[in-house]
Amino acid sequence: MGLARLHAIVEGEVQGVGFRRYVQIHAVRLGLKGYAKNLPDGTVEVVAEGYEESIQQFLNYLWKGPPLALVTKVTHKLESYKGEFTSFDTY
């Protein structure tokens, strides 16, 4: 599998529950680069780049979330790899 870019919006109880840190830990473990960012509407935007296989595994973690989170929806699309990140950050 080649390189790809994931763009996802995660809905539910995902702010103030450690969701971004949880996402960051799993992204780094899977070798992904990008970011997780709280949005004003209560969702979390996630952009991650890396190998497609790792991105597919990562999607499972987005659905699961940390213990205090309650994920109700993950809207995502795979895009062309851009190689613009050097780490995985949270905002």
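These residue numbers are counts, starting from 1, taken along the chain as shown.
The backbone N, Cα and C atoms fix where each Cβ goes, glycine too.
Among the features that Swiss-Prot reports, domain 'Acylphosphatase-like' is placed at 5-91.
Residues or ranges marked as active site in Swiss-Prot: ARG20 (among others). In sequence order, ALA36, LYS37, ASN38, VAL44, THR90, TYR91 are the residues of the chain that are 6 or more apart from ARG20 (active site) and have a CB within less than 8 Å of its CB.
In the three-state DSSP classification, ASN38 (active site) falls within a strand. For ASN38 (active site), the Cβ neighbour count at a 10 Å cut-off comes to 16, with all displayed protein chains included. Feature annotation from Swiss-Prot assigns active site to ASN38 (among others); the stated evidence is sequence analysis.
Looking just at the domain 'Acylphosphatase-like' (5-91), the mean pLDDT is 98.
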